[in-house]
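The transmembrane segment feature in TrEMBL is assigned to 55-75, 87-110, 188-209.
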Amino acid sequence: MLGSGFSNTPVSKFVFFSLITTSILAGITDSKHYFYIEIVPHLYPYQQVWRLLTWQLAYTSSTSLLTASITLYHLRLIERLWGSRKFASYLSFIYLITSLLPPLLLVTLLRPLSFKTINYLPSGPTAIAFALLAQYHAAIPHVYRYKLETGIGGSRTTTTTTTTNGDDPAGIIFSDKSMTYLLAGQLALSQLPGSLVAAAVGWIAGLAWRYEILLPRRLVEWRVPGWVVGEKSPMRGQGASVRAGGIEQLMRRLDERGVQGLSSGRDEVENEARRRI
């Protein structure tokens with residue numbers, strides 16, 4: 001999992017460069033206004049329902065684009081852990097869920113409770129990034145920790161192990177994962193309150209998928225076809241013969257090992273009998 005760059009992560013590479021490309025094109029073509037959502041007038045009365053499927057495709061803010069790109073680059077470890085097919089399946093599910101839930105939450109709950117002041121949902125895959133961050137938090141362990149010590153004479157940074165003694169001075173403990181969390185936090189707070197709503201929905205959706213909360217097991221176990229991520233499968237006519245050939249080879253190896261084991265066991269018994277004589 002510690003490979004450099006996007007090695008063995010084709011889906012993460014595609015998402016990373018697609019996000020940058022669409023965001024730059026949106027700025028060059030002066031089409032940023034097609035990506036964010038305003039409940040009024042976009043969804044009502046204009047009924048621009050297509051925005052529900054496009055608001056996560058690009059960022060309209062260069063700062064958010066930079067922060068999200070670095071965050072997604074760190075989260076590529078999830079693909080190395082799961083494999084490209086499971087990772088692509090998870091992204092497909094999360095994209096559909098997070099495309100619908102934040103706007104629905106704004107329409108039905110937040111906008112009425114805020115007396116129609118919360119009306120804006122910023123563009124960008126912030127919800128998807130936080131859904132990946134939930135898996136990153138649960139599955140990827142930290143490699144090292146370090147403490148930022150605070151005292152009367154100032155502050156200094158020292159590297160510590162995972163366990164700390166009671167005599168250590170007070171301070172704040174960070175890990176190699178802290179930078180990823182800080183970047184994600186900045187992304188969630190970049191365009192309040194809409195960005196925070198998207199981040200919360202993404203985090204909850206990621207945990208719900210991981211622990212199968214309110215989700216059918218078949219939906220969690222669903223996978224995209226192998227050809228989507230470049231996996232090759234044997235031809236239909238050759239599939240049965242390939243499997244049969246593999247089973248036959250395995251049985252032959254087991255038989256050979258069994259015969260060798262019996263002969264070696266017989267030799268050991270004969271040698272032991274000779275020693276006793």
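Glycine residues also receive a Cβ, built from the backbone N, Cα and C atoms like all the rest.
Note that TrEMBL annotation is computational and uncurated.
Listed as Cβ neighbours of the transmembrane segment (55-75) (distance under 8 Å, sequence separation of 6 or more from its ends, same chain) are residues 12, 15-16, 19-20, 22-23, 25-27, 32, 35-37, 95, 98-99, 103, 121-129, 132-133, 136, 179-180, 183-184, 186-187, 190-191, 195. For the transmembrane segment (87-110), the residues of the chain that approach it from at least six positions outside its boundaries are 11-12, 15, 37, 39, 43, 52-53, 55-56, 78-79, 118-119, 121, 125, 127-128, 131-132, 135, 193-194, 197-198, 201-202, 205-206, 209, 219, 222-224, 228-229, judged by C-beta separation under 8 angstroms.
Remote same-chain residues near the transmembrane segment (188-209) are listed as 61, 63-64, 67, 90, 93-94, 97-98, 101-102, 105-106, 110, 118, 120-122, 126-135, 138, 215, 220 (criterion: CB distance under 8 Å, separation of at least six residues from the stretch ends).
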